[in-house]
Amino acid sequence: MEEDDIYTKDGTVDYKGNPANKKTTGTWRACPYIIGNEGCERLAYYGMSTNLVLYFKHQLNQHTATASKNNQNWGGTCYITPLIGAFLADSYLGRYWTIACFSIIYIIGMTLLAMSASVDGMKPFCYSKDNCNPTDRESAMTFLALYLIALGTGGIKPCVSSYGADQFDDTDEREKIHKSSFFNWFYFSINIGALIAASVLVWVQTNVSWGWGFGIPAIAMAIAVGFFFAGTRLYRNQIPGGSPLTRLCQVLVASIRKYNVAVPADNSLLYEKADAESNIKGSRKIDHTNDL
C-alpha cells in the first residue's frame, strides 16, 4: 500500500515514460517553470501584437483600413490554430511535445519579425520616421514571420494551462486543493506579461525603434522556452488518448442510432460504468455530478 501511494493515480508518467513519482515530480516543483514560461510568452505575444496596426501603417506603408484588416486576419488565425495544436496534443504528441515543437516555430517567427524590422535589406527603407517604402519581399518577410508566430501560439495556447493542471493528481485531496492556487498564479503571470507589454514595449516601439520593440519580445520568448525545458525532469505527462472532438462525434452518432434501445439490466454490457476506470488510455474520468 505504501508503495502504491508513491505514484500518481491519474495515469500520468514522467519524462522517461515511467509512472510519475509523487515525491519527485509535479505539484509546485514543476509549476514555477510553467508559470515562468507563460508569463514570458504572454509578454512576447502582447509586446509584438499590441502595436501591430501602427507598424503596418508606418513601416509597411499600408492604409489604415488595410492595416486593420491585416491585423484582424492575423489575430483570427491566432485563435484558429489552437484547434490544430489541441488535436495534435490529444491524439499524437501529448502536451509536452506539442508545446516544445510549436515553441521552436514560435521563436523562429519572432526572430524573423525582429530581423525584418532591424536588418538592412530585410527592413523597409524609410525616408523619415513614419514615411517608409517597403519592397514586396520585405512585406512578405514580415507576414511570413507573423504567420509562423500564429502557428506557434496555436500549439501553446490550448496546452499550457491544462499542462499545469496535469501536475496535480485529482485523486489526491492535498494536491487537488493546490491546483486552484496554481491557476491564480498562472493568470497573474499572464496579466503581468500583458501589462509590461502594453506599457514598456509599446513605448520602446514608438520612441526607440521597432527593431528593439520586436527584438525584446523575441528574447522574452527565448527565455520562455528556456523556462519550459528547464523543468522537463519534473513534469508529469498525460499519455495521448485521442481527440475529444472525435469522441464527442461518436457519442452524438451513437445516441441517434440507439435512441430506441433499452438500457440492459446487466450493466457489464455498458460501455463505461461510473465506478470503473476510463476505457480511454491516458484519460482521466470526470466525476459525475447532478449540478451544471
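Quick reminder: no glycine exception, Cβ is built from N, Cα and C everywhere.
Within its own chain, the transmembrane segment (96-119) has Cβ neighbours under 8 Å at 15, 41, 44, 48, 55, 59, 85, 88-89, 138, 141-142, 144-156, 159-160, 163, 209-215, 217-218, 221-222, 224-225, 228-229, 232, 235, 237, counting only residues six or more beyond its boundaries. Summarising the annotation, TrEMBL assigns transmembrane segment to 96-119 (among others).
What TrEMBL records for 139-160 (among others) is transmembrane segment.
Counting same-chain residues at least six beyond the ends of the transmembrane segment (181-204), those with a Cβ under 8 angstroms from any Cβ of the stretch are 28, 31, 34-36, 38-47, 50-51, 161, 164-165, 167-168, 212-213, 216-217. Positions annotated as transmembrane segment by TrEMBL: 181-204 (among others).
Taken from TrEMBL, the feature transmembrane segment covers 210-230 (among others).
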With a Cβ cut-off under 8 Å, give me the same-chain residues at least six positions beyond the ends of the transmembrane segment (210-230) that come close to it.
33-34, 36-41, 43-45, 47-48, 51, 55, 59, 99-100, 103-104, 106-107, 110-111, 113-114, 117-118, 123, 197, 201-202, 204
Do any residues of this chain, six or more beyond the ends of the transmembrane segment (139-160), have a C-beta under 8 angstroms from a C-beta of it, and if so which?
34, 37-38, 41, 45, 48, 60, 70, 74, 77-78, 80-86, 88-89, 95, 98-99, 101-113, 115-117, 122, 124
